[in-house]
Amino acid sequence: MTDVSVSKIRNFCIIAHIDHGKSTLADRLLQETGTVQAREMKEQFLDNMELERERGITIKLQAARMNYRAQDGEQYVLNLIDTPGHVDFSYEVSRSLQACEGALLVVDASQGVEAQTLANVYLALENDLEIIPVLNKIDLPGADPERVKREIEEVIGLDCSGAIEASAKSGIGIGEILESIVHLVPPPSDTTGEPLRALIFDSYYDPYRGVIVYFRVIDGTVRKGDRIRLMASGKEYEIDELGVLSPNQVQVEELHAGEVGYIAASIKAVADARVGDTITLARARATEPLPGYVEAKPMVFCGLFPTDSDRYPDLRDALEKLQLSDAALQYEPETSSAMGFGFRCGFLGLLHMEIVQERLEREYNLDLITTAPSVVYQVTTLDGEVLRVDNPSKLPPPQQREKIEEPYVKVEIITPENYVGALMDLCQTRRGIFIDMKYLTQERTTLIYEMPLAEVVTDFFDQMKSRTKGYASMEYSLIGYREGELVRMDILINSEPVDPLATIVHRDKAYYVGKALVEKLKELIPRHQFKIPLQAAIGSRVIASESIPALRKDVLAKCYGGDISRKKKLLQKQAKGKKRMKAIGTVDVPQEAFMAVLKLDREG
């Protein structure tokens, strides 16, 4: 690893919607530059997590350094910083964009611009990145590059006359992409003489070396053995190992302004090296940290409980370890009369929640019961105190509260024109407020709605996909809190309230949701030896009820003809036994019942 002049460094990332071929393109660039030998190559090289390969999405950020000899004969260093494309991980995208000077905008030549591409492009424009449009999958029969170029020009306002037509899968246009990175992406500014400032854009936990921090040097120089200080947390560490990612770790002695690398410094937890934090030297420290760091806040909460309560310590250890590599995950212990001991966890969104659950089950062999997700409500009490409530069972009673506010999001849906009616109908039933509708092209439309986050986190995404045969894509961003007519609905099974099934609903929809929920529970809870009443209640008022009939033995089977009083005696004896059993019996509630809230038909 020789010293490189700053003018020969290019830092870039790839922006794309899910499935537009970003990871495949990254693979081709690694191969073309000889960074990864053909025999070591596996698909989605930068997606290290097994789960990422399986779902075909990028979750954690990766980075790779490539040496490339351009056609002008000069040797360049290209740093690719891979970004996730999913809406939940937009905070990961924003910090990786901060580490770049340029971005490849990858758009599927048959699909066109999608919602998440747009959101990420706007982030890139905010960071003043040079954007190079690339039309991928050009060899597909449905590809229409001219239409997609027009779309990019109209929607984003980028000049597409020089857009590169490529196919990452068959390797078309890869050389052209590399050349345009060298010629169009500006080099980093040369600030080697300034005090050290480096931006952390990712970190992960290594069980042997502690936290490995991926960073980009913005100003100054960092050397192995330096004592560094993290400006947000104020903690100091000594660098044990310094290196670059090509894409495997290669140790170096020092890194200068503009370079991308990693540090191991015996850091105990990822929370100590927060992403977006600034690294500086302990002695000659910088006065100002780098701007734009925001701590990621969980938007969605749910309860996680082990099916076997003896494994509670294992779940705690697993969450601790996961939090080491996922700073956005929050958790705190929670107990529930129905489920025993568990944790209340906070996530960035639904996909993040699913991934954490799946990783807990897969990597730590845990069997989990999860409660339905809820969002954070703001409750103002009569004393004027503002409480943040992330668990419906913690909502103060009506006589103690002045108002409840819920988070609202701005939802942008890009859809083919013929599904607009179905989507407007869906948004209307989810308490959406229509804001705007724009035609991107003759066939594609953007719908903009404002709606409560609680309506989006349940199954809005699935409903949207099924109503548009999978063609629509969406993006949402938080716009603040608004007051609403919200009530807590409790579910009583056998006259006992079950905390994990409690939900906060809008008063107008309470009856429909309650009715649908008890009907769903009736299907899911198996019959017992005694009759089980199911009720949905707001306060002490029952708004919907169902009952699961008892399984009963035919006690009259032995009576042939004979006296009616004999039959009555046997039936009364059975009824007495059932009554006693009901008083002391417990109801087994299966896992599916707790997720029933998600799969309700909410269209009342």
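Including glycine, each Cβ sits where the backbone N, Cα and C put it.
Remember, it's a predicted structure, so these values are computed and weren't measured experimentally.
Per Swiss-Prot, the feature GTP binding site maps to Asp19, His20, Gly21, Lys22, Ser23, Thr24, Asn136, Lys137, Ile138, Asp139. Of all Cβ atoms in the protein chains displayed, 23 besides its own lie within 10 Å of the Cβ of Ser23 (GTP binding site).
Per Swiss-Prot, domain 'tr-type G' is recorded for 7-189.
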So how many other Cβ atoms are close to Asn136 (GTP binding site), meaning within 10 Å of its Cβ?
30
Around Ile138 (GTP binding site), how many other CB atoms lie within 10 A of its CB?
22
Going by DSSP, is Asn136 (GTP binding site) sitting in a helix, a strand, or coil?
strand
